[in-house]
Amino acid sequence: MAPFPDEVDLFTGPHWRMKQLVGRYCEKLSNTNFSNNNDLLALLQSLYETFKEFKMHEQIENEYIIGLLQQRSHTVYNVHSDNKLSEMLVLFEKGMKNVKNEYKQLNYVQQLKERLEAFTSDFLPHMKEEEEVFQPMLMEYFTYDEMKDIKKKVIAQHCSQKDTTELLRGLSLWNKAEELQKVLKYSVDEKAERNSKTQKSSSSISSLPPEVMLNIFTYLNPQDLCRCSQVNTEWAQLAKTGSLWRHLYPVLWARGDWYSGSHAYLDNEPDEDWISRRKDESRAYQEWDEDADIDESEETGEEEDSSISMAQREKELLNSLVHYILPYVGHSVKTLVLAYSSATSSKVIRQMLEYCPNLEHLDLTQTDISDSAFNGWHFGACQTLHHIDLSGCDKITDLTLEKLSVALGIPSAHKKRLLKCYRNNRTLKDIRNQMRCSSLAQITGESTIYSDAFWANSDRSQDYTSPPIWILDSGNPGDIEDAADWKFRTTDGLCVLEMAPSVTCFSNGCCSRARPGRWTNVGWQEHCKAATVSYCGHTLCGNTLRTIHTLPEASALCNIGTRTLHSDITDCFPGSAKSDQQAARALQFLSLSGCHQITDHGLRALTIGGGLPKLEHLNLSGCLNVTGSGLQDLVATCPSLNDEHFYYCDNISGPHGATASGCQNLQCGFRMCCRSGE
């Protein structure tokens, strides 16, 4: 146990003195000629003085330490009731006063030796108990300043019982108490080794500057870093530097693979053998964990024991990460891979995600987690997340996607919802309070978007109050009278316009029906054919259907920036120094393969707050409860989606049916598929 600070350590100094006295009388006992009455008398006088000091020490402890502790803790009692100091003093007095014949003297000497041996065997453990049990209790029940005051009184009382020489000697001993305690605790070899480490020389590694040591630490794996942190305080601080813990792979580490580099260099497709072993480990561990009353004498197979042991090792490693490492380095973690974990749980994942707000790559493939794993995700909690793999997490539901959408935040283009607060002269504090909502629909004002009636309505644009944006050919922008009410900028031969609020035809009539970006070309044309539109006469309105065919690639539209009438409203989001357009909703990879409880509701939750403008990879294989309508609504807000990396069930008639890659779970033995068993 580590020593306590010297100024509040109540036992080490006095106990060192007591141990020194024990050593002295043991030495005298072995060197005394008991057949010589003078030698025996000198020994008894020395023992009498020694035990009087023991008695004085006991009284000081009772009055200034144990007595105070008993006032605050009722669990402390009878501490010094059985040390037999008084009986020993009576024994010494009897030996000094009575004149004995030779026979009685031999019996007395034998009794003296036995009683001293018994006392010594009890007294030394008693002092150790006080140091290891009562000192921590005192630190718990008394403040630091109270402990310092008690220490001063204890020292003063011990010194008051000695003459000037003893006083000076005692002060010197107590000042060196901590080092002397170490001398008693460790062997001669350990002491020599410790002293050699503390002696600094010009060639010692401890003389290197921290920058050089940190550079050396970058070549160490996580296991070596943990060992280095136990060397001394300086190394412990360096080992907790965030840059050394950017990539975490606990599942690999628990199995002896201490890789800690970028995930790009890992094989993302483990073989079936590896997956099968992880499944066996998980199953064996769950069966063992569920039966807490299992008979230890019951024989289990060697392979099952190995699986349980491996899962237990993984669980211990995860707990150590959560309690001892992530609180210090969590903000620097970019990669967290727990794919095929045997022992992880929703609670552990939730704690890890709370400590790691700047994650970019999260892989929870085939883990036994539920929606509660993401309870810690508040608004904007993972704006930097680029990659999330939830393949095989068959317990998650639409609630997880709602939380993910909330945590991804809102890009600057969608913060126009705050203009309502701005126009009502609401304070910045009111806006910030709204940002703390757990529902992105509440933050953006799109609370009706979770309603099935909303998505069943063909004219969805009427429920969105932000000014519409129109895209048309810059070679024919429209009438000059109309252009007076427009604000536009040219990008790649296109005009991107936003209409001023004064143009009322954009809040009702034909103009309000056009919502490029929420409708595909085909969907928009079908809607216009079916809707009864009373045209207002604007050239722009008449050109809408014509110019919709000239839209550029989705990636070009994503990079076009527009400014509204109040676009320089104060940014109320954390990290406002950097562009939200770049920071928020940066997700590029989303895999929900085998998550069969996901429905259209969850997919549509991802469309709120700006959709997923940078999403390139979307895997919905085995999501049996989604429909073509839900897929269409999500894809419409994912302009960067690559058809080659777009997977969904072959039985669903959805978007990009001719070019999408279909279902990946066909003939898969461990993930949901509607054709399982074929």
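The backbone N, Cα and C atoms fix where each Cβ goes, and this holds for glycine too.
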Q) Which stretch does Swiss-Prot mark as region 'Disordered', out of 261-284, 285-308? A) 285-308
Q.
Please identify which of His15, His247 is recorded by Swiss-Prot as part of the Fe(3+) 1 site containing His57, Glu61, Glu130.
A. His15
Q. Secondary structure at His126 (Fe(3+) 2 binding site) (DSSP, helix/strand/coil)?
A. helix
Q. Near the Cβ of Glu61 (Fe(3+) 1 binding site), how many other Cβ atoms are there if near means within 10 Å?
A. 22
Q: Provide the number of Cβ atoms within 10 Å of the Cβ of His57 (Fe(3+) 1 binding site), excluding the reference atom itself.
A: 21
Q) Out of His15, His57, Glu61, which of these binding-site residues is nearest His126 (Fe(3+) 2 binding site) by C-alpha distance? A) His15
Q: Report the residues of the chain - excluding His15, His57, Glu61, Glu130 - with C-beta within 8 Å of the mean position of the site's C-beta atoms, for the recorded Fe(3+) 1 site, in sequence order.
A: Phe11, Pro14, Met18, Glu58, Ile60, Ile65, Met127
Q | Within the predicted model, mean pLDDT of the repeat 'LRR 7' (623-648) | A | 91
(Q) I need the CA-to-CA distance for His15 (Fe(3+) 1 binding site) versus Glu58 (Fe(3+) 2 binding site), whole Å please. (A) 11
Q) When DSSP states are grouped into helix, strand and coil, how many residues of the repeat 'LRR 6' (595-622) land in each? A) 6 helix, 5 strand, 17 coil
